[in-house]
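In what follows, a structure is listed as structure tokens, so that the remarks can point back to it.
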Amino acid sequence: MKPVVALVGRPNVGKSTLFNRITRSRNALVDDFPGVTRDRHYVDAVWNERPFTLVDTGGFLLSDDDFFAREIRGHVELAIEDADIVALVLDGRAGISPFDRDLADILRRTSKPVFFLVNKVENHKQREELLEFYSLGIEKFYPMSAEHGIGVEPFLDDMVALFPAPEPVVEPQAGSEQGEPDASEQEICIAVAGRPNVGKSSLINRLFGKSRVVVSHVPGTTRDSVDLSIERNGRRFRLIDTAGIRRKGKVRERIEKYSILKSLKSLDQCDVALILIDADEGVTDQDITIAGYAQDRGCGALFLINKWDLLDEDRKDQRRFMEDLRTKSKFLSFAPAMTISALTGFRTHKILAMVEKIHAQYAYRINTGLLNRIVEDAIFRSEPPMHKGKRLKFFYATQVAVKPPTIVCFVNYPDAVHFSYHRYLVNQIREMAELEHTPIRLLFRAKTGKIDFSGKSKLAERIVEKKEKKTTRRKKERKEQSRRKRVRDLKG
């Protein structure tokens with residue numbers, strides 16, 4: 001198991017900047033506003049070929065005056081408890097604060113290795129003014145500038161030197177093959193999205209079985225997208241608790257704008273979006289806007305109607321609620337919906353099973369022969385409209401990607417395919433391939449140059465052949481009906 005390293009410290013000392021520097025990413029939001037990071041971020045990193053998990057925590061405050069201070073302090077304590085190594089980040093510009101002294105005292109009492117990092121030290125003149133940090137009762141500290149990457153390497157070298165010896169790597173035997181994992185083995189990435197204060201963080205904590213993200217009645221508690229991993233029944237899930245997405249007119253703080261951009265980026269990266277809706281408030285325009293973001297990004301989707309337990313019996317009309325949801329979200333007709341309560345756990349145990357079902361379809365590849373038979377049958381049942389007096393001709397279809405299933409149909413006039421016929425073909429593929437819970441992308445391309453049909457279904461030829469057989473059969477039927485009529489007339 002990889003060692004866990006926790007970055008702790010008071011707000012705005014540069015923990016998130018250091019986190020991003022070490023992980024070579026922009027996973028944590030960075031701003032001059034204190035308290036930006038309110039939750040823990042877990043990201044895998046590597047230094048000198050030694051892998052470890054780095055944890056970025058919220059700013060640690062010893063005071064209980066503020067609700068978030070209490071919650072964040074609890075998260076830091078959990079991070080320290082989970083960590084193998086703790087790094088206390090201090091501010092070289094601001095100097096030592098009473099909070100730094102209290103936190104240093106707490107960390108000295110732990111049996112775990114503790115590194116003291118003095119951040120925001122950009123030049124030698126500043127280094128000469130750092131003697132006061134020895135008053136914390138420490139033997140060694142690491143002056144650095146996380147923003148400019150100065151002095152970070154010595155800390156990382158000493159840190160990985162404390163890691164247990166790496167396990168020997170077993171080389172694969174000659175002749176063995178390692179293919180791409182199938183859908184049942186892949187980690188499923190889930191984004192928990194919704195308006196502020198609909199219960200996203202409460203749901204994450206319910207699925208994990210312990211407090212992982214700050215929960216509050218105050219809208220906008222989660223300002224950053226928080227990545228967490230969980231394993232259930234041998235299957236790994238990566239859950240992203242996104243910042244609440246408000247209407248544009250209500251987004252005022254600069255840091256909140258950053259958070260919303262990260263939430264939208266999380267939808268880009270996820271396999272399945274859990275779209276939370278507040279049952280007490282009903283389906284709002286903003287809920288549908290968020291659902292639209294998920295549709296635009298092509299991820300799977302699952303509607304979760306949260307706080308169902310808060311409704312009185314007169315309002316618990318699930319059929320009416322679902323009808324309203326389906327009417328307003330016709331573009332996500334494939335997305336299933338469930339009523340839940342993140343607070344009490346009502347039906348939450350069914351969520352990950354449904355996510356697995358959605359993901360299996362989201363990552364599904366349709367056999368080319370079956371796909372062409374489905375399209376062939378759909379065209380035979382309902383012919384495409386004419387284009388400038390000429391019939392649209394479909395040559396063949398092939399699936400070019402998964403997540404979501406993406407299909408290309410080669411036709412003679414791709415721009416002439418009407419949106420209603422496009423929708424008809426998607427619905428036929430969804431029904432016949434049993435992909436009722438995943439988005440499907442259907443693209444039309446022109447057949448250019450010579451195409452080798454070997455090994456492919458000659459769709460156009462078979463459609464013409466079917467039509468000719470149908471025409472011949474109808475001629476025979478009409479001829480037989482005419483013959484029988486003449487016989488009846490002669491007998492009459």
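Cβ coordinates come from backbone N, Cα and C, glycine included.
The GTP 1 binding site annotation in Swiss-Prot covers 9-16, 56-60, 119-122. Counted within 10 Å of its Cβ, the other Cβ atoms near Thr57 (GTP 1 binding site) come to 28, all protein chains included.
Taken from Swiss-Prot, the feature domain 'EngA-type G 2' covers 188-363. Confidence across the domain 'EngA-type G 2' (188-363), taken as the mean pLDDT and rounded to a whole number, stands at 80.
Per Swiss-Prot, the feature domain 'KH-like' maps to 364-448. In terms of DSSP secondary structure, the domain 'KH-like' (364-448) contains 31 helix, 24 strand, 30 coil.
For 464-492, the entry in Swiss-Prot reads region 'Disordered'.
Residues of the compositional bias 'Basic residues' (469-492) grouped by DSSP class, helix first, strand second and coil last, total 23 helix, 0 strand, 1 coil. The compositional bias 'Basic residues' annotation in Swiss-Prot covers 469-492.
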Gly9 (GTP 1 binding site) CB neighbourhood, other CB atoms within 10 A: 25
For Lys15 (GTP 1 binding site): DSSP state (helix, strand, coil): helix
Cβ atoms near Asn12 (GTP 1 binding site) (within 10 Å, other residues, all chains): 17
